[in-house]
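Sequence annotations record features per position, and here TrEMBL assigns signal peptide to 1-22. According to TrEMBL, the feature transmembrane segment maps to 180-204, 245-273, 279-303, 315-340, 346-368, 406-425, 437-463, 475-495, 507-535.
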Amino acid sequence: MAGGGWSVGFLLLVCAVVLVRSDHTFKAGDPVPLYANKVGPFHNPSETYRYFDLPFCFPAHMKEKREALGEVLNGDRLMYFDDLPIWGFLGKVEKEEKSDSSEYKYYLFKHLHFEIFYNKDRVIEINARTDPNALVDVTEDKEINVEFMYSVKWKETNTPFEKRMEKYSQSSSLPHHLEIHWFSIINSCVTVLLLTGFLATILLRVLKNDFVKYAHDEEIADDQEETGWKYIHGDVFRYPRHKSLFAAALGSGTQLFALTIFIFVLALVGVFYPYNRGALFTALVVIYSLTSGIAGYASAAFYCQLEGTNWVRNLLLTGSLFCGPLFLAFCFLNTVAIAYHATAALPFGTIVVIFLIWALVTSPLLLLGGIAGKNSKVEFHAPCRTTKYPREIPTLPWYRGTLPQMAMAGFLPFSAIYIELYYIFASVWGHRIYTIYSILFIVFIILLIVTAFITVALTYFQLVAEDHEWWWRSFLCGGSTGIFIYSYCLYYYYARSDMSGFMQTSFFFGYMACICYGFFLMLGTVGFRAALLFVRHIYHSIKCE
């Protein structure tokens, strides 16, 4: 039966996925349970609801299945059949080239046919399809009686149980998809080769000439006025402003980098196979908690190298720099999900579990890492002595400002990954399956290389212009790719997707803002570390008084 309370425009829904246990075996005549999961508008992957929130009749005996942490974070309220996914439409909309949505016709499918393939006592594959002739017109928003039907056909197959998930992983490995992915790799490699070629032929040659020139000047006249990057050798290692914030950003970026590497390792060894429900979310929560010690150590150690004294405040800043905005975004988006009665709203028990993980694992490890970093007693290595008073930075043209330099720095790394971004977005914010983690890892390595190289090049040109405030600039230039990725979100939302509604829009831009902010911190750390190595190298190669 279908009744009031649901808009007929909502009946174009996608039915999510399936389970019992993958190690479960059945005998002839044994009932195989089917668990209803979630439903929602096809183009709004975050706006999902419990299946029985629909105005349908409830079964006489409904059994609730407990979800794992990752499944709850994924919004699952389970519908599974032996660990295999089922999805399909509950209804359809007939537009017939009508521009006015009030003239659309809405239909509900009332017959579902299940086709199940088995090998001995194992379920191998399941498909669900609807009968296009068994329709009910629900255009008028009123209570009606509908008699639903289903049919099941069992077929024997020779496919072994171990290979039953290959059907889902192969969909992203089709030849035409692989060609696009490899084109993305080639495009990225060309970018890297052009950039490294530029550095090799221009930057290194200029540096060689600089070394020869400065060595010659030292032999001819010690009192000759210095120019270029050597002129600011007494200021280039002057500690940056807001060094506690700077160290906290480096600590958070280092943790996120370690988190990304661990996630890639798990992906490459096959942990995140298709429809391994919530495994990625569980891994993100657990690994982020366990790597918080890395953030504490990296931040406190660098802060103490910069002669900072209030290391406790530095640790508090480190712990809240990424988690703070993420927590605020979660509070807002979870409130929206609660208002919509969507499955994306986390239950109170799950929130308590996450809080306990933060309180009992993340915070103690952050503190222990901070204590270890404070006690490391590693001094900051500066090849040149810093003068007491900073030199005045000359007036520079507008294109040497921070924002233009960030635009230049972010464009090349973004151009190396933008093709792969579409498939990632279509997987995260759509219904595509992404399993080519090896190619994604190659693209990630290329992203790191391009970010490091472009940051080094821009840092050199900044020093040549006698601008010695390169610390924050190198971090901002390295992290600017995150801003480009968020700009791509705008393009994807309006040009490549059909997402709509306040909840879906809020979830998309809210959580993508957190992800892009994480990329900003991680790539900013990579950019600064590369620039620091470069600056130390060139000033170590010359004689500085």
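Numbering starts at 1 and runs along the chain as it is shown here.
For all residues, glycine too, the Cβ spot is worked out from N, Cα and C.
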Winner by Cβ pairs under 8 Å against the transmembrane segment (406-425), considering only 245-273, 279-303, 315-340, 346-368, 475-495: 475-495
Which of 245-273, 315-340, 507-535 contacts the transmembrane segment (346-368) most, counting Cβ pairs under 8 Å: 315-340
Same-chain residues near the transmembrane segment (437-463), Cβ under 8 Å, at least 6 residues beyond its ends: 181-182, 184-185, 188-189, 191-192, 195-196, 198-199, 203, 207, 228-229, 232, 236, 260, 264, 267-268, 272, 400, 405, 408-409, 412-413, 416-417, 420, 424, 470, 473-474, 477-478, 481, 523, 526-531, 534-535, 538
Outside the transmembrane segment (279-303), six or more residues from its ends: residues with CB under 8 Å to it: 68-70, 73-74, 243-244, 247-248, 250-252, 254-255, 258-259, 262-263, 266, 271-272, 311, 314-315, 318-319, 354, 357-358, 361-363, 365-374, 376, 378
